[in-house]
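Data first, discussion second: the structure below is written as structure tokens.
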């Protein structure tokens, strides 16, 4: 039996974090790691205190996950991405020179946040 390398290990933690998401379209997890220690985790979902996927207007309108336009009107998705949540719950000191592990390739907006955060390296599965 072989042990996973550090990247595999922390991607596994990101995968576990993704399971907390109640998004019916895509479950994404992220982990901030510095000096081989977890500094923060995040998963995609509605902001704290807001309606999650099961009660959001987008779902109640009959929008089909992965098919409907999620960018406007009653079907606008309010979810905060996993990467953003992980970054928001870290101290700035924890981000400088850290690695971000994500269960899929970050979107354009998250890539900009990551670039501005001080994260030095981003790891995600090749098949994402």
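Cβ atoms are placed via backbone N, Cα and C, with glycine included.
On its own chain, residue 83 (active site, proton donor) has 28, 30, 42, 100, 102, 106, 110, 113, 114 as residues at least 6 apart in sequence with a Cβ closer than 8 Å to its own Cβ. What Swiss-Prot lists as active site, proton donor is 83, and the listing cites similarity to another entry.
Annotation for residue 81 (Zn(2+) binding site): spatial neighbours 28, 44, 106, 107, 109, 110, criterion Cβ-Cβ under 8 Å with sequence separation of six or more. Residues annotated as Zn(2+) binding site in Swiss-Prot, with similarity to another entry given as evidence: 81, 107, 110.
The domain 'CMP/dCMP-type deaminase' feature in Swiss-Prot is assigned to 5-128; the stated evidence is sequence analysis. Sorting the domain 'CMP/dCMP-type deaminase' (5-128) by DSSP state (H, G, I as helix; E, B as strand; all else coil) yields 41 helix, 22 strand, 61 coil.
The average per-residue pLDDT of the prediction over the domain 'CMP/dCMP-type deaminase' (5-128) is 88, rounded to a whole number. Here the binding-site residues are 107, 110, and the one with the most other Cβ atoms within 10 Å of its Cβ is 110.
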